[in-house]
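Have a look at the structure below before the remarks.
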Amino acid sequence: MPGSGGPVATFSVWDYVVFAGLILFAAGIGLFQAIRGRKEASSDEFLLGGRQMTAVPVALSLTASFMSGITVIGTPAEAYMYGTPFWLFVFSYTIMSTISAELFVPLFYRLSITSTYEYLEMRYNKLIRVIGTSMYIAQTVITGLDLWGVLVATGAVCIIYCTLGGLKAVIWTDVFQMIIMLSGFVAVIARGAVLQGGFEKIWNDSYYGGRLETFSFDPDPLRRHSFWTIVVGGSLMWASMYSINQSQVQRYISCKTMTHAKLSLYLNMVGLWVTVSLAMFSGLTMYSIYKDCDPFTNKDVGASDQLLPYLVMDILAEFPGLPGLFVAAAYSGTLSTVSSSINALVAVTVEDFMKPAWPWLTERQLSWINMGMSVFYGGVCIGMAGVASLMGNILQAALSIFGMISGPLLGLYLLGMFFRCVNSTGGLVGLISGLAITLWVGIGAQVYPPLPEKTLRLSLSVEGCIAPDMNETTTMTPFSTVLQTTTPQPRPALADNWYSLSYLYFCPVGIIVTMVTGLIVSAITGGCKQEKARPELFIGKSDLICFGCRNSGSEVSHLIEKDPKNIQGLESPVFFDNEIALKKKDYKEKITKF
């Protein structure tokens with residue numbers, strides 16, 4: 001009986017058939033795109049889909065790539081154990097989407113870049129670009145995968161279509177995988193509602209179990225999740241992912257116009273709202289079923305991230321194929337994550353390391369290098385999955401690493417975009433300082449985890465569990481939280497304050513330290529006396545006040561077609577669509593004739 005504890009059913013033949021069929025169908029989409037695009041096998045086609053993608057598929061791919069296996073497995077467990085404060089991330093997604101669409105999209109479009117770290121060389125120097133790229137590679141290899149087991153097999157499929165099809169194959173496969181992920185959540189929620197007698201019962205159980213206390217305005221920065229940690233810290237953390245992370249930026253700069261790129265981010269915002277809401281309600285459904293017999297406390301599962309798979313086998317096993325659908329949803333998320341990671345890693349390696357080192361490489365040679373690097377990074381990411389599986393709470397672990405590395409990088413970009421006085425020395429020292437501080441607090445938090453009064457895990461009971469091999473309930477006392485019974489280890493003074501800082505504040509700390517240090521060092525080393533940099537590298541007042549006041553892509557195109565000399569007047573910060581940037585390049589030769 002669901003919710004009474006003990007072993008659950010295992011996969012049936014139909015589950016394996018559904019799982020394998022969905023994964024192979026997803027791979028087939030990628031291979032179809034690969035075969036269809038073989039005639040256009042340029043480096044630009046492989047890495048950016050020829051810059052001709054549209055908003056809807058890119059938006060679904062954006063949602064799938066970061067709200068993937070982590071969300072499918074980790075977020076329901078978060079709602080089950082900590083309640084619904086995580087739902088407040090809908091505000092963070094809104095702020096993040098606005099920042100990315102209105103500040104970073106115009107910047108990257110007018111510079112017509114492939115790797116986001118090209119900007120660091122334009123604004124600072126080659127060394128900072130290499131450091132920024134290296135930080136991204138390290139971060140992505142560590143957090144790119146979050147599940148083990150059959151990941152090797154599914155990852156191998158992913159490597160094949162990434163290697164052959166490039167970004168276009170990745171995006172269209174993500175679209176299908178996103179549908180599968182959402183279907184998995186819906187199956188869990190619908191079956192749970194039937195078993196519990198309706199959604200009202202699930203909501204009431206969650207209310208009386210303390211799971212619906214969403215809003216906490218406690219300003220304590222040590223509080224794991226509150227309104228402030230999520231809306232302030234979470235917004236900046238997600239902005240660092242979507243604004244400068246190559247895996248995401250590479251998708252929206254592949255759009256054929258800047259309007260499509262912005263629209264893809266706002267559609268992605270809605271997709272994130274839907275995904276996190278379904279994931280949270282799946283967690284509440286799980287609590288309603290297991291409120292009297294917690295599988296974690298009862299040792300039916302070994303980690304919190306196994307709770308949702310356990311629930312699936314407990315409530316869906318009598319419907320052959322549905323457990324396979326859910327597992328396909330989880331691993332579709334993983335495929336989405338690894339495919340985006342592979343393609344982005346190839347992009348930054350080729351653009352930031354190989355092209356500058358060997359500028360004489362032909363398009364054919366670059367195409368072979370792209371495919372070879374896809375295989376290499378696919379193998380590296382799969383190998384790192386074993387390490388990631390040892391990190392405990394995959395949701396918090398992944399977000400913590402993103403905050404530790406992306407925070408200082410975002411601070412470096414903001415310094416370059418808003419402060420003309422910042423020089424390369426200030427940027428480099430600021431980046432190193434910010435990274436050192438975030439690694440200090442992040443590693444300290446892993447070694448000395450925050451105490452339960454700061455994490456606020458909610459009560460879980462085992463009163464209703466059926467004892468093994470007995471037809472009676474256990475008499476164990478309900479746990480207020482799951483605690484270790486070992487002798488407490490001595491903790492340093494920093495453990496209960498600095499190391500207990502909410503993981504969502506790692507990113508803001510990195511941004512602040514990087515920017516303050518960068519400004520101070522730049523002032524000391526003569527940043528205000530340096531030569532004026534190119535104006536298109538900065539965010540001006542018109543960018544912030546009048547988003548739509550500049551020439552549209554069609555107007556710019558008409559000006560260039562009418563008279564190629566007009567392009568000389570477009571060197572100022574005009575927001576070019578990709579097709580206009582390409583047209584600008586084509587007409588450069590014509591200018592020399594006048």
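Placement of Cβ uses the backbone N, Cα and C atoms for every residue, glycine included.
Here is what TrEMBL says about this protein:
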- 16-35: transmembrane segment (TRANSMEM)
- 86-105: transmembrane segment (TRANSMEM)
- 126-142: transmembrane segment (TRANSMEM)
- 148-167: transmembrane segment (TRANSMEM)
- 179-199: transmembrane segment (TRANSMEM)
- 225-244: transmembrane segment (TRANSMEM)
- 265-290: transmembrane segment (TRANSMEM)
- 325-348: transmembrane segment (TRANSMEM)
- 368-388: transmembrane segment (TRANSMEM)
- 394-415: transmembrane segment (TRANSMEM)
- 427-448: transmembrane segment (TRANSMEM)
- 503-524: transmembrane segment (TRANSMEM)
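Counting Cβ pairs closer than 8 Å and at least 6 residues apart in sequence, the transmembrane segment (265-290) and the transmembrane segment (503-524) reach fewer than three and form no contact. Contact between the transmembrane segment (225-244) and the transmembrane segment (16-35) is absent: fewer than three CB pairs lie under 8 Å, with pairs separated by 6 or more positions in sequence. Tertiary neighbourhood of the transmembrane segment (126-142): same-chain residues 115, 117-118, 120, 245-247, 341, 344-345, 348-349, 352-353, 356, 377, 380-381, 384, 387-388, 401-402, 405-406, 408-409, 412, 424, 427-428, 431, 435, selected by CB-CB distance under 8 Å and a gap of 6+ residues from either end. Long-range neighbours of the transmembrane segment (86-105) within the same chain, counting only residues 6 or more positions beyond its ends whose Cβ lies under 8 Å from a Cβ of the stretch, are 75, 78-79, 214-215, 225, 227, 230-231, 234-235, 237-239, 241-244, 249, 252-253, 258, 261-262, 265-266, 268-269, 272-273, 276-277, 280, 417, 539, 543, 547.
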